């Protein structure tokens, strides 16, 4: 086994170096031109040649670019109402400036820390399930029967395509008084209850129903990364006597580690973002103690209460925290592993 590790180590470094170089090359190929190339007339000519050579790629990118420009960047101007006492009849420009008044109002809201606690508890709980998709992808990768493998993948992908309404309806039926999970709970505790009326179980119901719905779909990116693992590395490991678990640990995981780290960084960048639709559909008066989060509070005061400036300020606060967490997690990952988003 020592001989295998000593032989495989340089190959693994080559694998990671190759994947890193390939990622940089792909990025430079489709999206950037170096400063040297854009300097003066020579740079302009190189840019024209680049665009002419790869115009098909940019044409494919155009619809996505237009979509993001219109629906993501266009509405950003509306952020200004977080600093104004917005009145629809006066518009963005005519409304009175109030500075950071709405941010102060949110920070001094009596239930502020309860909202933060509920949001963070669900987000961190969800983050703990991050390895589920990786483990499932590694298991899929070990399946040898093509038909069986595709069947299992299809079964695990299917829940992802259910709408939030359908999925939450199924969850409500499963945990209701007549549902199988409530029946199991009754067998253990002797108490027949609707589990969604128990505030302490809300986070678990939310998170594990999400695992059921999205883990299969989440394996796609890891399976794509596993497809790029060099067969020579795996064959060398087998020749040196490595079993399946050793190959997974010493070959597969190191080769897909950059993908894992990038996905984890992106997950931590959504630390204060909890899906509103699902929370709202599973929420009831009896579980508000743990189900009332920032997104549902924004809905209450924004769409129901008509306090658009206040709700925008809360949304901006939420996004600023997410961006800060993204930078922090990226810096930590870069320092520890040398891999990051930038």
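Backbone N, Cα and C define each Cβ position, glycine as well.
For 55-83 (among others), the entry in TrEMBL reads transmembrane segment.
Per TrEMBL, the feature domain 'ABC transmembrane type-1' maps to 115-329.
Look at TrEMBL and you will find 122-143 (among others) tagged as transmembrane segment.
Sequence annotations record features per position, and here TrEMBL assigns transmembrane segment to 155-175 (among others).
What TrEMBL records for 216-234 (among others) is transmembrane segment.
Residues annotated as transmembrane segment in TrEMBL: 255-276 (among others).
Feature annotation from TrEMBL assigns transmembrane segment to 308-328 (among others).
In this chain, the transmembrane segment (55-83) touches the transmembrane segment (308-328); three or more CB pairs sit within less than 8 A of each other, excluding pairs fewer than 6 residues apart. Among the stretches 55-83, 122-143, 216-234, 255-276, the one making the largest number of Cβ pairs under 8 Å with the transmembrane segment (155-175) is 216-234. Below 8 angstroms of C-beta separation, residues 8, 11-12, 15, 19, 132-134, 136-138, 140-141, 153, 155-160, 247, 251-252, 255-256, 259-260, 263 of the same chain, each at least six residues beyond the ends of the transmembrane segment (216-234), sit close to that stretch.
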